[in-house]
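Student: These came from Swiss-Prot, pasted as-is:
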type	residues	note
BINDING	388-395, 435-439, 489-492	GTP binding site
COMPBIAS	240-252	compositional bias 'Basic and acidic residues'
COMPBIAS	259-268	compositional bias 'Basic residues'
COMPBIAS	269-278	compositional bias 'Basic and acidic residues'
DOMAIN	379-547	domain 'tr-type G'
REGION	388-395	region 'G1'
REGION	413-417	region 'G2'
REGION	489-492	region 'G4'
Amino acid sequence: MSKIKISDLAKEFGMTWKELAGEIEELTGKTVKSPSTKIDEEIVSLLRDVLQPAEEVEEAVEKKVEKEKGYRIFELSHDWNIPFEELAEDLKAIGYTKSIDNFTILDEETVNRLKDYIKEKKEKEKEKKKEEKEEKKVKVEKKVEEKPVEVKKEEKKEEKVEKVEKKEEKVQKKPEKKEVKRKEKIVAKEEKPERKKAVEEKPKKKEVKEVKKVEKPKVEVVEEKEETKIKIPEAEIRKETKEEKAELEALRKLMGPQPKKKKKKKKKKEEEKAPVETKEKEEELKIAIIPEVVTVRELSDILDMPVNEIMAELLKRGILATVNQTIDPEIALQIAEEHGYLAEIQKEGEEVKIVEELPQEEKKKLLGEEEEEEENLVERPPVVTVMGHVDHGKTTLLDTIRKTDVAAKEKGGITQHIGAYKIKLSNGKEITFLDTPGHEAFTTLRARGSKVADIAVLVVAADDGVKPQTVEAINHAKSAGVPIIVAINKIDKPGADPERVKRELAQYELIPEEWGGDTIMVPVSAKTGQNVEELLENILLVSEILELKANPNRPAIGTIIESKLDPKRGPVATVLIENGTLHQGDYFVAGFTWGKVRAMFDERGRQVKEATPGTPVEVLGFNEVPQAGDKFVVKPSEREARLLAEQRKQKYEEELQAKRTRIHLENLKDVKEINIILKADVQGSLEAITKSIEELSEKFEDVTINIIHSGIGAITESDVMLAAASNALIIGFNVRPDASARKAAEEEDVDIKIYGIIYDLIDDLEKALKGMLTPKEREVLLGICEVKQIFRIKGVGTVAGCMVTEGVIRRNAKARLVRDGVVIYDGEITSLKRFKEDVKEVAKGYECGLMLKDFNDIKPGDQIEAYEIVQEKAE
């Protein structure tokens, strides 16, 4: 007796083997566990008698499907031109609680409820759009009154609106026709013999179409689309084989509703083209001003459209662009108009103007210096600049106030850079201090410090009296209109004579209060802290009299106090906020530079998110190193900041080029020239040295010193090659040449001079110009070692564990510690060991331990250069 596999039998009945196994268990009580199980012929016969043949099952299923197919969600989505997601939301809105997917079948009652809900929703949307349209028309009319040229364009658009509204009345009848079509489709499927009849009725509709075509040609597109849709049920009504059904089902699951929707939209665009789109655009009419230079992202913001949509519009035009790439303004104009905007192109010059060329009132407004309303102002900390002669104790005084040891880090105790610090007193009051360099070379920095300060503290040593730089500081403070408080320092020293200082200051119209004048003079000792509290109280007193206020709720403006190029963080600047609040992420312009605030740090190196008026912060995010003293102004966009900076720079370069051309044409044959390449550690030092060299050049009529290049950071190979090409001398201030630069200098025979004190630099240059150089000292590099590890030994100090990478390291040799190309220390090696033994020298490739004289701030990665000074005859 032959047996049949249950899997084969399941195919015959159009069932899965598990479903068939269930039927067998119900009829016979036998359990089937595998699709390969074979069934006796008797059971097969019983199943064939009991179960309906597969073909009949198929017909029944087909009838059921055909009867209910019109109510599947994906069909409704397709025919009603409503996205599946929107239909699903509408179903939830009418209280449909079952799970929803593309093939969910809805009963007739649910479909009717859904249809009524959608119709009601569309009516509400239509009313809302009409109201919005009226509001927009009013706005456009106002715009037209301002711009008469656009009246014709507006009239044309109004005519289009009327035409489209007429057409809309006909298009709105579409859902009813679709419903008739749906009913015809259901009847056609229930009564299969009448299919041909339904097809034969089509020509009647075509006749109607032709009559309408004579009256209103535009209706033809709509009617043809309806006729095209009637063919859909004809294609679907045909009987499908099981394989075709399976393929169709799989295809539908894969495709989902989205591809159909896209295809439909595309077809709709091709058939209907502009008319319906015009209606939508007219209803959403907006104004857009397109800048002459615009990026994809900026256009996205202007049109309030996603970036990917803008990029898609560009792709349609064959343009592949990134988000930050600029695009043709005409293309941007086309995109704007296609999305319902009245758009025009605005020229660059209409938006961004060079501040220096503006009238005074407009310039103040652009720089944020216009008068603020009283109700917006709040009290701000006073900004105090500390001024005075060299070594009169300015930095030591600040150290006493801040309880920090900044002076120990300065070269020879002389302040080389402006520092800015905000301190909080015990009474909760805050004061911002500027530590301005006191010696003559820093005149420009000191002048700059006076301008940003509210109060000047003039430090005069009680044992030294008034000096030339003291007088200069007085003049700067007076010219800036800054009140002066005199701190007579070093009263603890033998020979201190505060009364003598008062007499000398009286000659410069600084009369002490006890003599009937209005200048506050406080005798202090920065070393012991005597009377420092009294000095701070007087600063706060003057601050109250000045009524210092600012508006923290506006974009920030400030001044660049100091700037430098950090090897790891890029261009960095200390900014003193004078008005407004600076936030992380703000766009700004400062002189020729611009950028975005990437990060901010306070005077203690802590990161902050915002900076209020009177606060100094270190700002990261400049496109290049700004000039100290430049005005720092926050701008609303990157584009505006960038354009303003570029225009300023271009104007400056044009003026500079014209100036250089005049100098060369008039004096090139008549003067001797010395070309110099100048590199320094910070911007302030660079400016001070440049000014000193210019003053030196003026003393010698027959010699001109040209600084052909200057910059911040280590001396590089490109600097050496420039010097070789222009026969120039390289001068480094607190910076060193890197390895490639040293090698190139030897090969090209380029002279590199390194200095740590400005006086020495200027003195050497002056002697060279006079031809009076005495037998000079020359530096000879002995070797270089890299710090690998540090050891802190109690009572001894810091020992640096090093690897010698070049030459030899000798005990008692002079040593220079270089960190990121900047000289941190210059002294000598006091101890040199290999393991535990003292040695005289350590050669390349060996490890050693060494100590530096009076210096413990050594870090792994630092380079220590050992060198010696040899005497040479002057050439």
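Each residue, glycine too, has its Cβ placed from N, Cα and C.
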Student: Any idea what the model's mean pLDDT is for the domain 'tr-type G' (379-547)?
Tutor: 79
Student: Count, for each of the binding-site residues GLY388, ASP391, LYS394, ILE491, the other C-beta atoms lying within 10 angstroms of its own C-beta, and report the residue with the smallest count.
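Tutor: Each of the binding-site residues GLY388, ASP391, LYS394, ILE491 was scored; lowest Cβ tally within 10 Å is ASP391.
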Student: In three-state terms from DSSP, label ASP391 (GTP binding site) for me.
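Tutor: Assignment for ASP391 (GTP binding site) reads coil.
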Student: For the region 'G4' (489-492), jot down how many residues DSSP puts in helix, in strand and in coil.
Tutor: 0 helix, 1 strand, 3 coil
